[in-house]
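Quick look at what Swiss-Prot lists:
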- Glu9: Mg(2+) binding site (BINDING)
- His15, Asp167, Gly168, Lys169, Ser235, Gly236, Arg237, Phe238, Asp246, Arg252, Lys253, Ala269, Lys273, Lys277: ATP binding site (BINDING)
- Glu43: K(+) binding site (BINDING)
- Glu56, Gln99, Asp246, Lys277: L-methionine binding site (BINDING)
Amino acid sequence: MESFLFTSESVNEGHPDKLCDQVSDAILDACLEQDPESKVACETCTKTNMVMVFGEITTKATVNYEKIVRDTCRGIGFTSPDVGLDADHCKVLVNIEQQSPDIAQGVHGHLSKKPEEIGAGDQGHMFGYATDETPELMPLTHVLATKLGAKLTEVRKNNTCPWLRPDGKTQVTVEYRNEGGAMVPVRVHTVLISTQHDETVTNEQIAKDLKEHVIKPVIPAQYMDDDTIFHLNPSGRFVIGGPHGDAGLTGRKIIIDTYGGWGAHGGGAFSGKDPTKVDRSGAYVVRQAAKSVVASGLARRCIVQVSYAIGVPEPLSVFVDTYKTGKIPDKDILALIKKNFDFRPGMIAINLDLKRGGNFRYQKTAAYGHFGRDDADFTWETVKILKPKA
């Protein structure tokens, strides 16, 4: 049977774009914690010695934006200029305005509408995806790239590899077989890690530590063989990193946030957006729908699309494709999805408890992926068992 190669990448929490996602979601958490009806569209950008938050926020919450920025950067590990940013001494710029009253009246009638009447915060289309190739019902390439990034951060923070610095990227290539539309991983073909490091460490030490402390604990032995290729800091030097190395911006890592290039993406980013923004809530509910189809044994692989018009509660369209892996026809699966899931934004927020912030609820989503996580706060990962009519 013919095989093919597919690749997914990830970046860890010290990457400048991911720093921005985490700041935006930390601000969302702070607003929702005090005022669950907060309307938040918060962007962040960063460059050497500077973090700026800007956007539209309407909330009754009292939020110290500067403190949130500094706390988030410090928590990631940006505590001195030589690691890429100094959380306590960098410039913090804030340019936050209120949500446009035009949007407010169209979406939630200035809070006068019932939940089922709340319109979508914008137009757009979102995709949810699931596959039976991993226990998380996520693509293996994406799962491994993401877990390598998380492990890099873990061994940095617990001092297993004290030479590590916060910024880093991973990439995994897997050889697959196509089994009647289902994706079956055969082996890991290539592992790539580029991580920021201090001045003292040699490239030999970097490669040895990454294999021992990052790759070996993450990638199951069954997928590795003598032909697996490793590229470990292939550029030869990565001392300058974080915002000092590259500018960062919220919403620049939308494939890493989702399915690693599998499925499809409507283009809307997640971080810094409250649940009336269907870019986020719509994508969460279609992940739940696709995952439920696969977990219920109705298909081995599934993609679901939903689309919206601004101010209109009901979705314009819902689409499903099981890549010819469905146990029943796709049209019957679509009927089950429509019966079991409410795609109106106000109802998604209630059913998935999306107005609850605080406790790093959204900030956690902003690094290492929004899907396939085993965490009670990720309510959209809860499966509904779908039963076709006998």
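Cβ from N, Cα, C; glycine included.
Everything Swiss-Prot records as a feature, shown here on the structure.
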| residue | record | Cβ contacts under 8 Å, 6 or more apart |
| --- | --- | --- |
| Glu43 | K(+) binding site | Cys20, Ser24, Val53, Phe54, Gly55, Leu249, Thr250, Gly251, Gly272 |
| Glu56 | L-methionine binding site | Lys39, Val40, Ala41, Ile96, Glu97, Gln98, Gln99, Ser100 |
| Gly168 | ATP binding site | Val11, Asn12, Gly14, His15, Gly149, Leu152, Thr153, Ile193, Ser194, Thr195, Gln196, Gly241 |
| Ser235 | ATP binding site | Ser194 |
| Arg237 | ATP binding site | none |
| Asp246 | ATP binding site | Pro16 |
| Lys253 | ATP binding site | Val11, His15, Asp17, Lys18, Asp21 |
| Lys273 | ATP binding site | Leu28, Val40, Ala41, Cys42, Asp279, Arg280 |
| Lys277 | L-methionine binding site | Ala41, Gly121, Asp122, Gly268 |
Which same-chain residues, if any, lie at least 6 apart from Glu9 (Mg(2+) binding site) yet have Cβ under 8 Å of it: Ala145, Lys169, Thr170, Gln171, Val172, Ile255, Ile256, Gly260
Max pairwise CA distance, angstrom, over record-listed L-methionine binders Glu56, Gln99, Asp246, Lys277: 30
Max CA-CA distance, Å, over listed ATP-binding residues His15, Asp167, Gly168, Lys169, Ser235, Gly236, Arg237, Phe238, Asp246, Arg252, Lys253, Ala269, Lys273, Lys277: 42
Per DSSP, three-state class assigned to Gly168 (ATP binding site): strand
Cβ neighbour count (within 10 Å, all chains shown) around Gln99 (L-methionine binding site): 21
